[in-house]
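*Asks:* Have a look at this one.
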Amino acid sequence: MSAETTSQNNNSPSSEDNNTAEEAAGTYECNICLETANDAVVSMCGHLFCWPCLHQWLETRRSRQTCPVCKAGISKDKVIPIYGRGNPNPQDPREKLPPRPPGQRSEPEGTGAFPNFGFGGDGGFQFSFGIGAFPFGIFASTFNFNDGRPAAPAPGSPQEAEEQFLSKVFLWVGIIFIFWLLIA
Amino acid sequence: MASMEKRLQKELQAMTKDPPPGVQVDQESCSRVMNEWIVDLEGATGTLYEAEKFQLQFKFGSKYPFDSPQVTFLGPNIPIHPHVYSNGHICLSILTEDWSPALSVQSVCLSIVSMLSSCTEKKRPPDNAIYVKTCSKNPKKTRWWYHDDTV
């Protein structure tokens, strides 16, 4: 903007050289800091910036990266570094400026109704299931000596008939259950 | 911070050397503190605001030019315009979300002059009374709702 305007007011012939120098400098001014661009990059739309300036702008508007001058879409990969002859070992300015570490966001603590509800990480949510004391159950029921159960009733008594009946009922229930398991 | 002051110096130089028509920086205000400027505006000829004088206040944060300046009308004469509230706040998208670091004091002033110039009827915004009562001191804290592109 000030590129053409800076030299308009000093028209005296003595400052002729000065004029052209200023004009030339103005042509290569960064559009953000208004200084002669250093670590210059140019956008696809032709606008010149210092890479540090442009980088800061791109960081400011991460979600909507546009050219400051013409609002064209712009990104790190869509700008071209400019290498002048004076620089003995040109290096891509975009590599020079280390990209800043990305921001990290951690969850706030102790908010909401389920403070510890989450999977993995902080171990807030765990569960397990199984058959309690599995291998010992067999020993408990098979090798239980001396557990003081009453002796079997005398053969022919009504209690013996009742127990026989119950035993058959449970046997059939068991058979039906296994059959149902097989066909289901 | 340093880059902000450097850039403001450059802008001040350019504005002093070659001011746009009807725009004049109050040098005294800038010499006191660099981050607060007063700019005198004059309504453009042939418009509703012809020959009227206004004052704009610019406040620059440390992130300028990456962050927009705070711009409000100041003083006794606040233009009666559908986008200017009676407390001096201006509803203009380049002052908040459409800001770009390639804009400058000069371009903001020109935008405001042109906003005034394209006005066809002098009136306050329809929600002026309630806005002035409830708004924050800083117009950038207002969530502006830009809906009128005609003026």
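Even glycines carry a Cβ here, placed using N, Cα and C.
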*Asks:* What range among A:32-50, A:127-145 does TrEMBL record as transmembrane segment?
*Replies:* A:127-145
*Asks:* Could you pull the average pLDDT for the domain 'RING-type' (A:30-71)?
*Replies:* 90
